[in-house]
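The region 'Disordered' annotation in TrEMBL covers 1-30. Residues annotated as transmembrane segment in TrEMBL: 49-71, 95-115, 136-155, 188-210, 222-242, 262-286, 307-332, 364-388, 400-428, 440-464.
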Amino acid sequence: MSVELQVNDFPKLDDPPAAVQPPETGAAGEGANDLEAILGEPFARTQEFWICLGLAAALGAALAFPCLGFVEAVEHVPDAWLGSDPDARFGQGKWWWLAITTGTGAAVGAARYLLRAPAKEAGMLKMTQAMWVEPLSALQAVPVSLISLMGGASLGPEAALGTLGGAAGTFVAEWLKLERPIQAASTMAGMGGAFGGLLSSPVLASLLLLELMRPGKKDFPKMLICIIVATSISFAIFYPITGASFLKVYELPPYTYSDWHLFAGIVMGAIAALVGVAMIVIVALVKKVAARLGLQPEGYKPGWRAALKAVLVPTGGGLVYGLIGIAMPLTFGSGSAQLGQMIAQTQAGRLSAGLLAASMFAKMVTFAVCFSTGFVGGFVFPVLFIGGAAGTLVYKLCPWLPWGLCFSCMFAAVPGSILPLPLFLIFMSGYSISINAVELSPVVLALVTAFVVQAGLGMVLTLATRARARAAQTQRAA
């Protein structure tokens, strides 16, 4: 999942303030204005709302089954060749895995070419903020992502599921020739239905979409209700069949909260910001190397040379992430199942601090390789793995800190240093290791600290500006 923020998304500081209308005079007028400000318009009186609600319920029920099939495939097919609990120690991978990863790359390239996939898929942020998804994009992205994830690519399933659900919602609304506001609600409800079984609660899926979408005040109640209805119905179908969501609940030793944990959360937030910066830098470097080597996917072009390149680029990517995976097996897959394996093998004493650090940085590289060479998948689950690995590494280096505290803080703060999804990440951390509201307090401080240190101080923007300046200077010298 790519997250792209534009300057125009934010108000300018020198814009004049909007004119404020004076309130109605009199006690009755003031009371009416207060109630209207709190409750908003009576949206449930409109036919539009009930059409949106019906579409949300239908999409939630209809999308639960294809999304169930997708999630089961990307979860169990890798288990069939990797094993449900592979030895995560260095060099314990099997060399025959390389045939699967390179074959996966070749299949991804062939599928991209035959389906005429674009060079770059639309990111989740663009789709949610536009509240519209091109229906054809699902026919291109979903099969390629399915192949990618079954072959162990270091990507998450959320990009394909979001595209599938959003495209279904858009297609139904356009086919019924509904008005644009209803189309937008249908698109978001479709995404909610697709995410119903992905996360451990409908609340998390709803928060994720709402924070990505940022609806206006007028549309918020309608969008909130439609997304919750769609995710809840999908979850109600998905969960009884599988008994679990794709995002696991991880069991860590319990601990008792103390006030000094707040300070520890702040310190870990600063560390998480550095981990987030490292990931962004590694992704940028790998993309740059891939571009210089001509190993980036292109849009469809006729001819056998274009077809051959379309296959060879992801095949090369499959070779690279396969070699890294043989050395460090925890780098395969989305990271959801691998986090559980990492926790179990850390408890068994198999993983040292050095191996955890190596696996964490190797995961950044494999994600960047897959992302840059044509594999299709999301960003959220890999960065969650990196956060969990960073938290476990902090615990290994500082064993006097509770493991649950380290894990929960870094699990939220590392992604929070990159993604503007604070509420989703805070609640997701709480759900994933079952901690209470008091124990979430250090998590909140860790996430806020990470976001302020990285985004607020402009660490990545400063590095990018310096890199552009050096590139421009090199071009002038040449």
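Glycine is no exception: its Cβ is also placed from the backbone N, Cα and C atoms.
Because TrEMBL annotations are produced automatically, they should be read as predictions rather than curated entries.
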Checklist entry - Taking pairs 6 or more apart in sequence, does the count of Cβ pairs under 8 Å between the transmembrane segment (262-286) and the transmembrane segment (364-388) hit 3 or more? => result yes
Item to check | Feature contact check the transmembrane segment (136-155) with the transmembrane segment (95-115), CB under 8 Å, 3 or more pairs | outcome: yes
Checklist entry - Should the transmembrane segment (307-332) and the transmembrane segment (400-428) be scored as in contact, given a threshold of at least 3 Cβ pairs under 8 Å and pairs 6 or more apart? => result no
Next on the checklist: Suppose I define contact as three or more CB-CB distances under 8 A, residues 6 or more apart in sequence; do the transmembrane segment (364-388) and the transmembrane segment (136-155) meet it?
Outcome noted: yes
Item to check | Beyond the flanks of the transmembrane segment (136-155) by at least 6 residues, Cβ under 8 Å | outcome: 70, 73-74, 77-78, 81-82, 97, 100-101, 103-105, 107-108, 111-112, 115-118, 121-122, 163-164, 166-168, 318, 321-322, 325, 331-335, 363, 366-367, 369-371, 375-379, 381-382
